[in-house]
C-alpha cells in the first residue's frame, strides 16, 4: 500500500514574499507611468514684479498648459500646450499685487500638433501660493547721481520702473511700495574698510563726511515690514574723487571769471556808445560856420 500523498504547504518566507514583491513592483510601475512627464518642482521667479513660473521636467513627449487664479476667481489658462518649462504670468499678477495667486501646470501627452484626444482631466501639479507685494524680489538698485561738496555727500538712487500700471502708466518701485521701501547707504573712506550706514525712506541721502577725503559707497533696497525677501542685492560701488571736485571748483571759478569779463565788456561798450551819442550833437553846434 502506497503511503498517502502529503499536502504541500508553502513555506513561510517564500511564496508570500514573492507576491508582496510583485505587488510592490507593479505599484512602482504604475506610479512611474502616472508621473512621467507630469510637471513638478513648480517655482515662482519674480523680481520687481516681473514674474515667471518655472517647472520641471523638460519633456519631449509632453506639453503643458498653465492656469492661474486668486482665491476667489476661476482658473485662467495661459501658455497653452507649450513645450517650454516656464510661463510669464506678469500681466496677471500686476493687476493686483496685494492678491494671493495660485497656479497649476497641466500635463498632456504630445500629439504632433494634434490637440484632439487629450484627457478631459489631465494630471496637474499645484504651485505654492504667491503674493507679489510680499514675495517679489527687490532688484539691484542703481545710483543715479552723487556729489561731494566740502563736508556733505549727496547720493540719489534711481527710482526703478515696474510693470505695475495705474491709469495706463507704469509705476515706479517707490510708487508701489511707498514708505514701506527704504534704502540703506553703505559708505566708507576710500583709504579704509570701516563701513558706516545711513537709511532713508526717500531716494536721496545727504550725509556728513570729512572734508578732503575720498569716499566709496553702495546702496541696498530694504522693506523692513517683510518677514522674508527683505533686502535687494547691493548696487555697484561708486567712489568720489578729489580731482573731480577740484576740477568742478575750477570750472565754476573759470565760469565766474568769464561771466564777469563779459559783463565788463558789455558795460564798457554801453558806456562808450552813450558818451559818443551825447558828444555828437554838442560837437556839431560848436563847430564854426564855413563862409564862402
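Every residue gets a Cβ built from N, Cα and C, even glycine.
Per Swiss-Prot, the features are:
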DISULFID  79-87  disulfide bond
DISULFID  216-239  disulfide bond
CARBOHYD  41  N-linked glycosylation site
CARBOHYD  114  N-linked glycosylation site
CARBOHYD  154  N-linked glycosylation site
CARBOHYD  167  N-linked glycosylation site
CARBOHYD  182  N-linked glycosylation site
LIPID     274  S-palmitoyl cysteine
SIGNAL    1-32  signal peptide
TOPO_DOM  33-250  topological domain 'Extracellular'
TOPO_DOM  272-292  topological domain 'Cytoplasmic'
TRANSMEM  251-271  transmembrane segment
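Here the features listed in Swiss-Prot are painted onto the structure.
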{"residue": "41", "record": "N-linked glycosylation site", "DSSP (3 states)": "strand"}
{"residue": "79", "record": "disulfide bond", "DSSP (3 states)": "strand"}
{"residue": "87", "record": "disulfide bond", "DSSP (3 states)": "strand"}
{"residue": "154", "record": "N-linked glycosylation site", "DSSP (3 states)": "strand"}
{"residue": "167", "record": "N-linked glycosylation site", "DSSP (3 states)": "coil"}
{"residue": "182", "record": "N-linked glycosylation site", "DSSP (3 states)": "strand"}
{"residue": "216", "record": "disulfide bond", "DSSP (3 states)": "strand"}
{"residue": "239", "record": "disulfide bond", "DSSP (3 states)": "strand"}
{"residue": "274", "record": "S-palmitoyl cysteine", "DSSP (3 states)": "helix"}
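The sparsest Cβ neighbourhood within 10 Å, among the listed disulfide-bonded residues (79, 216, 239), is found at 239. Distance noted between the C-alpha atoms of residue 274 (S-palmitoyl cysteine) and residue 79 (disulfide bond) is 81 Å.
For residue 41 (N-linked glycosylation site), the nearest of the recorded positions 167, 216, 239 in terms of C-alpha separation is 167. Comparing C-alpha positions, residue 154 (N-linked glycosylation site) sits nearest to 216 among the recorded positions 87, 167, 216. Residue 182 (N-linked glycosylation site): 18 other CB atoms within 10 A of its CB, across all protein chains. Closest by Cα distance to residue 87 (disulfide bond), from the recorded positions 182, 216, 239, is 182. Here the candidates are the recorded positions 79, 167, 182. The one whose C-alpha lies nearest to that of residue 239 (disulfide bond) is 182. Averaged across the topological domain 'Cytoplasmic' (272-292), pLDDT for the predicted model comes to 58.
Around the Cβ of residue 167 (N-linked glycosylation site), 5 further Cβ atoms fall within 10 Å across all displayed protein chains. If you take the Cα of residue 216 (disulfide bond) and the Cα of residue 79 (disulfide bond), they are about 46 angstrom apart, rounded to a whole number. In the structure shown, the C-beta of 87 has more C-beta neighbours within 10 angstroms than that of any other entry among the recorded positions 87, 274.
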